[in-house]
Amino acid sequence: MTSVHSLGFPRIGHKRELKKALESFWSREIDEQELQSRAAQLRDRHWRIQQTCGMDLVPVGDFSLYDHMLDMSCTLGAIPPRYGFAGGQVGLDTFFAMARGSATQPAMEMTKWFDTNYHFIVPEFHEGMDFRLSSERLFDQVKEVQALGLKAKPVLVGPITYLWLGKEKDLNAEAHHDAQHHHDDSACHGHGAPIGAACFDRLTLLPKVLPVYAEILARLAEMGVEWVQIDEPALALDLPQEWVEALESAYQTLRRDKTPKVLLATYFDSVADHAKALKALPVAGVHLDLRRAPQQLNSFLSDYPADKVLSLGVVDGRNVWRADLDAALELLQPAHKQLGDRLWVAPSCSLLHTPVDLEQETELDAELKSWLSFSVQKLDEVAIIGRALKEGVESVAQELAAARAAVASRKSSPRIHNPAVAQRLEGLGQDDGRRKSPFPIREAAQRARFKLPAFPTTSIGSFPQTPEIRKARLQNRKGELSNADYQKAMEAEIALVVKEQERLGIDVPVHGEPERNDMVEYFGEQLAGFAFTRHGWVQSYGSRYVKPPLIFGDVSRPTPMTVAWSKYAQSLTQRPMKGMLTGPVTILQWSFVRDDQPRERTALQIALAIRDEVRDLIDAGIGIIQIDEPAYREGLPLKRKDWGHYLEWASRAFRISAQIAPDDVQIHTHMCYSEFNDILPAIAAMDADVITIETSRSQMELLDAFATFNYPNEIGPGVYDIHSPRVPSVEEMVGLMEKAVKVVPAERLWINPDCGLKTRKWAEVTPALENMVEAARQVRARHG
């Protein structure tokens with residue numbers, strides 16, 4: 001009988017219970033026992049939901065208090081020495097120090113999980129390191145599931161993906177870090193090592209890590225586990241041949257008489273290039289993402305082994321649109337005919353990337369709601385498909401008819417298409433969005449206008465969102481606080497932020513964005529073609545959740561979105577106030593995007609809307625405007641052969657949004673969590689006057705490419721990690737800037753934090769910015 005299953009379920013809870021529990025624990029309002037109790041309640045509820053939806057197997061180990069890659073590091077005992085782990089079981093103090101930093105040690109690096117908006121904690125590897133089983137978490141959770149009478153399917157990050165996504169570290173540099181609080185070229189990665197780094201190949205650690213995987217599988221077998229899901233999404237990347245060969249040897253090594261059956265799960269793109277190898281592996285099944293890469297199916301159906309199941313992901317685990325069940329069944333028919341009961345049906349990937357339950361959305365209009373599907377509904381869709389295959393389409397005729405009607409409604413709705421937007425797009429023609437003058441002319445005009453000191457200081461945009469700010473916003477939404485009183489409250493907060501920046505001596509202040517709930521949602525709420533949920537939260541990292549807008553139709557800007565706030569802030573200071581906008585690619589990447597037209601077309605629609613806002617800010621006297629693009633790299637296709645087209649339209653969308661700016665208006669952009677050394681030409685093609693980037697966690701590693709690539713414009717490398725509560729010292733920030741000066745001309749450097757300060761407390765922000773301004777003074781004295 002065809003099995004239906006889930007690759008993973010959201011951790012956060014229907015009402016963001018995990019976030020509330022974590023933040024209560026971090027602020028010492030609850031103890032570890034209470035935190036673990038609340039986590040267990042969430043897991044119990046999520047497993048029961050999946051059972052109710054009809055899943056034959058429920059995933060175990062997909063739940064994490066912070067990040068599943070961090071869980072894997074702890075399970076394998078891969079704890080960087082700087083955290084003082086003495087062996088045994090990894091405790092929560094060590095776990096959270098690795099994720100968030102501590103009073104004396106910075107956090108581990110964090111980066112995007114493939115091309116999603118989820119972030120994982122990057123494993124650190126050093127030459128000769130040992131691995132050992134150091135966490136009972138997975139086994140404890142298997143016992144929890146078994147106590148419920150459910151069939152557990154433990155989920156592990158596979159050894160190839162785990163090693164590939166990590167970074168090599170030089171322990172000598174780490175020892176220096178312990179003494180000086182900064183690395184000296186301590187990381188090297190398979191995509192090109194920093195200058196001077198002492199490197200080894202992390203693939204050489206595979207023989208050391210495999211025995212721990214084997215031990216885990218043996219323990220699970222002893223517990224009566226029949227199936228284990230081992231995720232190898234790295235296979236969707238352009239893996240070097242030696243890594244592909246390592247995959248084959250690794251799974252041969254893990255083959256044992258008494259181990260559970262292994263379902264090797266791939267997702268996010270095609271793995272057709274590895275079809276022959278995957279079919280030959282000693283595993284009991286393979287999972288394919290047919291939403292991202294339906295064309296790969298034929299490569300697997302050809303000569304698919306008779307002793308393997310084939311799990312096919314036909315319900316989109318990364319977007320919110322209701323599935324076309326007829327199309328899914330049509331796609332599955334050849335596989336079902338060939339494989340019979342050996343065909344399994346699942347979402348394309350873990351449902352980590354979609355909101356929990358559409359039924360919570362009681363305020364969405366009926367038509368739009370009928371087009372949507374969240375995690376619970378996606379499992380229902382998987383179950384319907386499974387029943388259709390097992391019992392025939394007649395058994396689910398009513399469900400199929402409802403899905404068919406929703407798909408037809410969405411295609412024909414007049415809410416989707418706006419002729420005026422189409423006309424503007426056609427008017428662009430081949431215009432690539434170039435500004436009037438090249439950068440050297442613009443730079444001279446901007447320096448004459450603003451007269452900033454060497455190494456000017458600024459922040460990235462947001463300041464702490466205090467409970468008072470959130471309360472005022474909530475009261476305004478509920479109608480308990482009038483718009484006029486809400487405006488007064490926000491203006492008071494803006495005045496406080498501007499005054500504090502003046503006191504600190506920040507050269508280019510910002511208004512702090514108290515009025516913004518989220519850097520994408522805020523704009524989407526004011527753009528036509530967008531819709532919003534009340535409970536559509538997804539995890540970004542740790543306790544940081546986002547509520548992406550839904551882009552369901554053509555995008556346009558009916559009225560100005562930020563002008564009044566920026567104009568008010570500028571009236572409070574003689575310093576140049578920086579206007580703050582979110583760029584078209586980031587709005588696209590951090591939204592749930594319509595799938596009925598190319599993403600490129602939607603991005604250009606957003607770019608034109610942002611350009612309208614830039615024009616109005618300039619008319620209001622704002623001379624420095626930041627157009628954030630932190631998700632620029634995130635949009636890169638996983639395979640390099642597909643990069644060129646994406647980079648071309650993504651850079652063009654940014655340029656079109658900024659094109660209206662005259663020479664003496666300075667356009668900034670910001671990119672956080674980005675590793676973009678290999679796409680610097682495309683970054684330069686965006687032609688922002690100033691780019692600020694996240695560099696402190698990677699200890700300025702991102703700047704290494706500037707030694708060989710003569711980046712033409714100005715740059716602000718982040719000098720402290722805002723994702724950690726730790727306050728960096730003046731010396732630490734001076735040290736980072738000294739590294740920057742070695743590769744970027746001093747006259748082109750800015751000094752700023754890594755990212756916005758929204759999630760931090762004032763008690764952390766004020767001393768950190770004081771130290772940053774003092775660091776700028778010291779660097780100016782040396783180089784200015």
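Any Cβ shown, glycine's included, is placed from N, Cα and C.
DSSP assigns Arg16 (5-methyltetrahydropteroyltri-L-glutamate binding site) to coil, not to a helix or a strand. The 5-methyltetrahydropteroyltri-L-glutamate binding site feature in Swiss-Prot is assigned to Arg16, Glu17, Leu18, Lys19, Lys112, Trp590, Glu634; the stated evidence is sequence analysis.
Per Swiss-Prot, L-homocysteine binding site is recorded for Ile460, Gly461, Ser462, Glu513, Asp628, and the stated evidence type is sequence analysis. Mapped onto three states, the DSSP output places Ser462 (L-homocysteine binding site) in strand.
Other Cβ atoms within 10 Å of the Cβ of Ser462 (L-homocysteine binding site), summed over all protein chains shown, number 23. Under the heading L-methionine binding site, Swiss-Prot lists Ile460, Gly461, Ser462, Glu513, Asp628.
Neighbour density for Glu694 (Zn(2+) binding site): within 10 A of its CB lie 26 other CB atoms from the protein chains shown. DSSP assigns Glu694 (Zn(2+) binding site) to coil in the three-state reduction, outside any helix or strand. Annotated Zn(2+) binding site per Swiss-Prot: His670, Cys672, Glu694, Cys755, in sequence order, evidence recorded as sequence analysis.
Positions annotated as active site, proton donor by Swiss-Prot: His723. Neighbour density for His723 (active site, proton donor): within 10 A of its CB lie 25 other CB atoms from the protein chains shown.
All protein chains considered, the CB of Glu513 (L-homocysteine binding site) has 25 other CB atoms within 10 Å. His670 (Zn(2+) binding site) falls within a strand segment according to DSSP. Within the group of binding-site residues (Arg16, Lys19, Lys112), the Cβ with the highest number of other Cβ atoms inside 10 Å belongs to Lys112. Excluding the listed site residues Ile460, Gly461, Ser462, Glu513, Asp628, the same chain places Ser459, Val510, Met519, Met580, Gln626, His670, Cys755, Gly756, Lys758 with Cβ atoms within 8 Å of the centre of the L-methionine site Cβ atoms. Asp628 (L-homocysteine binding site) sits 9 Å from Cys672 (Zn(2+) binding site), taking the C-alpha atoms as the reference points.
Within 10 Å (C-alpha to C-alpha) of Cys755 (Zn(2+) binding site) lie the following recorded positions from Glu513, Trp590, His723: His723. Per the record's binding annotation for L-methionine, residues Ile460, Gly461, Ser462, Glu513, Asp628 show a top Cα-Cα distance of 13 Å. For Trp590 (5-methyltetrahydropteroyltri-L-glutamate binding site), the same-chain residues that are 6 or more apart in sequence and have a Cβ closer than 8 Å to its Cβ are Asn117, Met519, Val520, Val546, Pro548, Ala631. The binding-site residues recorded for this entry are Lys112, Ile460, Glu634, and the Cα of Ile460 lies nearest to that of His670 (Zn(2+) binding site).
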